[in-house]
Amino acid sequence: MDAALERTGFDRSRLIFWSVAALTTLLVIGPIAPIAMQAFLNKPLYDPTAALTAANFGRLVTEAGIGEIALNTVIFAVLSTIFAQVFGALAAVVIGRTNLPGRGWLGEVLVWPLFVSHLVIAFGWLTMYGPSGYVTLAVRSWTGVTPWDLYSLSGMGVVAGLSQAPLAYLMCLGAVSKADAQLEAAARSVGAGPFRALWSVTVPMMRPALIYSTVLNFVVAIEMLSIPLLFGAPNKIETITSFLYDKGINAAVQPDYGIVGAAALILLAIVALLVWLQGRLMVGSNRFVTVRGKASRPALLDLGRWRWIVFAAVFAYVFFTIVLVFAGTLMRASVSFLTPLVPFWTLLTTKNFDLIFETPNYMRSIGNSVLISLIGGVIGTVLVAIITLVSRRSEFKGARPLEYIALFPRSLPGIIAGLGFFYAVIWVPGLDAIRGTIWILILAFMVRYIPVGFGTIAPALAQIGDELDRGARISGADWWTTVTRIIAPLLKPALFSTFALLFIHFFKEYVTAVFLFQPGSEIIGTTMLQLWAQGDNGPVSALATIQVVITALFVLVARRVLGAKIYG
């Protein structure tokens with residue numbers, strides 16, 4: 001077949017390059033274009049009488065409370081970023097560079113929140129530390145006062161920040177654990193103590209990781225929906241995402257698509273600007289590189305008599321912000337109601353799980369989530385692998401623009417992606433066939449997480465010498481034959497890791513789906529939101545527990561059987 005193509009002069013590689021570029025551009029730009037159009041239309045996009053207007057932006061600016069919403073969003077994002085960076089960076093230094101007891105398992109537990117959705121974490125915090133939470137009631141019964149209020153901007157910032165601290169931890173951990181030991185040795189040789197050497201030499205080396213994770217956590221906070229929705233709504237505290245959710249989903253009458261489109265476009269522009277700023281701030285980060293050909297692994301800092309005191313502090317942080325949050329979800333799912341005033345074991349019941357397993361809609365949401373994650377993970381891995389190979393391992397002239405387009409979804413908040421695909425399926429002829437099905441969810445999730453897969457495959461591809469490509473080409477193989485028979489088999493570990501990461505992200509995703517799902521295409525996250533709106537906290541916790549268990553089992557299988565590298 002290959003020889004026949006060559007004899008006819010057919011350039012298969014060129015066709016593949018342009019097809020991949022066209023498909024990627026269509027997938028990424030497709031959901032953005034309808035949002036931009038809706039922002040400048042006076043009626044819904046699907047209305048044939050809609051006319052161009054700029055009035056939507058004027059109406060948005062004069063919308064009641066919009067200034068407070070913008071301020072709330074900024075304050076929430078700043079607070080959550082500060083907490084995430086402080087706790088994440090400190091944990092990275094302590095776990096990555098000291099002889100802390102139990103540093104291995106503490107580091108493992110610390111990344112648990114990254115595997116589940118913010119919705120699950122938010123329900124866990126609400127169950128344990130909310131106004132009627134288990135820990136809150138216990139503290140109130142002992143002291144007579146409640147020392148915290150999660151239904152406030154500061155409370156929301158703390159919860160969001162602590163839930164995002166593992167992201168900062170992972171990024172900073174790589175920087176501190178790979179620093180050149182010779183630099184610290186040089187500082188010690190001129191009289192610096194171990195802590196002084198760590199502070200003056202190693203911590204500054206974390207600057208690129210701190211910059212990258214700071215901007216990333218700020219962006220995550222801006223686009224976060226669960227915490228503003230669960231903790232802000234009771235006190236009428238709105239951020240931009242909860243505003244979009246209320247205007248587009250919970251509107252008492254027909255949603256105001258004009259204002260929603262204008263707000264979505266502004267949010268998209270802000271996030272894109274932040275991602276661009278992140279790239280600019282990272283320029284010159286190579287001057288912080290200390291791991292070269294002969295670099296040695298840095299020695300662990302001896303904490304001395306502070307060893308067990310620091311362990312107690314880290315353990316308390318992990319226990320109260322992670323272990324108790326997950327435990328609270330399981331506890332609430334296993335009892336008729338949760339209170340410290342009544343012994344836990346006297347309230348044990350299986351009714352919450354029975355309701356989930358006996359209700360077709362709820363079981364369908366679990367099945368849909370697994371199916372979307374499996375199918376989407378496989379298709380997404382193949383698509384991202386081809387995009388990465390074309391942009392990083394081909395002679396395609398548009399390789400660089402293709403990479404920029406593929407990475408653009410980093411700037412695409414989940415709620416914007418969902419809104420864009422919602423507009424696209426009702427606007428583009430033919431797409432109505434997948435409206436309200438799991439296929440539109442697979443498509444939306446896949447576009448949203450192209451950068452995740454790209455970031456996993458590209459580094460592995462860079463480690464494969466291009467002399468393999470040249471040797472194959474000299475032997476007469478074209479580009480497609482080379483990458484499928486030589487390069488792809490060498491990428492197998494990275495491909496398994498990409499599939500695992502995409503499965504996890506698809507399985508925990510819910511924000512992108514809020515505009516797209518219909519009866520029959522529910523997923524766990526959207527069902528949890530519906531149950532929460534009805535006040536059914538027991539079934540919500542049961543669904544959250546099921547999601548955590550399935551995720552944990554998948555991570556175990558992916559790491560043990562597939563050899564996937566989930567993080568690090």
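Cβ from N, Cα, C; glycine included.
Among the features that TrEMBL reports, transmembrane segment is placed at 15-37, 69-97, 109-130, 150-172, 209-231, 257-277, 308-331, 370-390, 402-426, 438-462, 483-507, 538-558. For 70-278, 366-558, the entry in TrEMBL reads domain 'ABC transmembrane type-1'.
Three or more CB pairs closer than 8 A are found between the transmembrane segment (402-426) and the transmembrane segment (209-231), so contact between the two stretches is assigned (pairs 6 or more residues apart). Taking residue pairs at least 6 apart in sequence, the transmembrane segment (69-97) and the transmembrane segment (150-172) share three or more C-beta contacts under 8 angstroms. Among the recorded stretches 257-277, 308-331, 370-390, 438-462, 538-558, the one sharing the largest number of Cβ pairs closer than 8 Å with the transmembrane segment (69-97) is 308-331. Same-chain neighbours of the transmembrane segment (438-462): 24, 27-28, 31, 368, 371-372, 375-376, 379-381, 383-385, 387-389, 392-393, 403, 406-407, 409-410, 412, 414, 417-418, 421, 425, 487, 491, 493-495, 497-498, 501-502, 505-506, 509, 512-513, 516-517, 521, 523, counting only residues six or more beyond its ends whose CB sits under 8 Å from a CB of the stretch.
Comparing 109-130, 370-390, 538-558 for CB pairs under 8 angstroms to the transmembrane segment (308-331), the maximum falls on 109-130.
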